[in-house]
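K.L.:
Take a look at what Swiss-Prot says about it:
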type	residues	note
SIGNAL	1-19	signal peptide
DOMAIN	20-85	domain 'LCN-type CS-alpha/beta'
DISULFID	C31-C84	disulfide bond
DISULFID	C35-C60	disulfide bond
DISULFID	C44-C65	disulfide bond
DISULFID	C48-C67	disulfide bond
MOD_RES	C84	cysteine amide
Amino acid sequence: MNSLLMITTCLVLFGTVWAKEGYLVSKSTGCKYECFWLGKNEGCDKECKAPNQGGGYGYCHAFACWCENLPESTPTYPIPGKSCGKK
């Protein structure tokens, strides 16, 4: 019983530690979400936590929104086969 509890705890921790992170990207254009206030940024945090993104925290890094604790289903920059601003 203790072994089962330890295994379950490890799996939960792995999910938390290895959560996806990256630049939030528009699926239609392939471009990163831009921001100008570096560091803590309400706009980036709001976008990352939006129900369709599912992130845990967002901030502005290198003039684009960086998100942490994203689900694997949320696309991050770059999207394969889609270049921002290029046809």
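Cβ atoms here come from the backbone N, Cα and C positions, even for glycine.
Keep in mind that this is a model prediction, so the values were computed, not measured.
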K.L.:
So, in DSSP terms, is C44 (disulfide bond) helix, strand, or coil?
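P.N.:
The three-state answer is helix.
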K.L.:
If you measure from the Cα of C48 (disulfide bond), which of the disulfide-bonded residues C31, C35, C60, C65, C84 is the nearest?
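P.N.:
Nearest by Cα distance to C48 (disulfide bond): C65.
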K.L.:
Which residues does C31 (disulfide bond) neighbour through Cβ under 8 Å, counting only same-chain ones at least six apart?
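P.N.:
Correct list: V25, C84, G85.
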K.L.:
How does the model score the domain 'LCN-type CS-alpha/beta' (20-85) in terms of mean pLDDT?
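P.N.:
Mean model confidence (pLDDT) across the domain 'LCN-type CS-alpha/beta' (20-85) is 96.
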K.L.:
Of these disulfide-bonded residues, C60, C84, which scores lowest on Cβ atoms within 10 Å?
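P.N.:
Comparing Cβ neighbour counts within 10 Å for the disulfide-bonded residues C60, C84 gives C84.
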K.L.:
Going by DSSP, how much of the domain 'LCN-type CS-alpha/beta' (20-85) is helix, how much is strand and how much is coil, in residues?
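P.N.:
Breakdown, helix to coil: 8 helix, 25 strand, 33 coil.
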K.L.:
Sorry to bug you, but what's the C-alpha spacing from C44 (disulfide bond) to C67 (disulfide bond), rounded to the closest Å?
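P.N.:
Pair distance, Cα basis, whole Å: 8 Å.
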K.L.:
Between C44 (disulfide bond) and C60 (disulfide bond), how many Å separate their Cα atoms?
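P.N.:
Cα of C44 (disulfide bond) to Cα of C60 (disulfide bond) measures 6 Å after rounding.
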K.L.:
So which one is it: of the disulfide-bonded residues C35, C44, C48, C65, C67, which has the fewest other Cβ atoms within 10 Å?
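P.N.:
Across C35, C44, C48, C65, C67, these disulfide-bonded residues, the one with fewest Cβ atoms within 10 Å is C35.
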K.L.:
Work out how many Å separate C65 (disulfide bond) and C35 (disulfide bond) at their Cα atoms, rounded off.
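P.N.:
Just about 6 Å between their Cα atoms.
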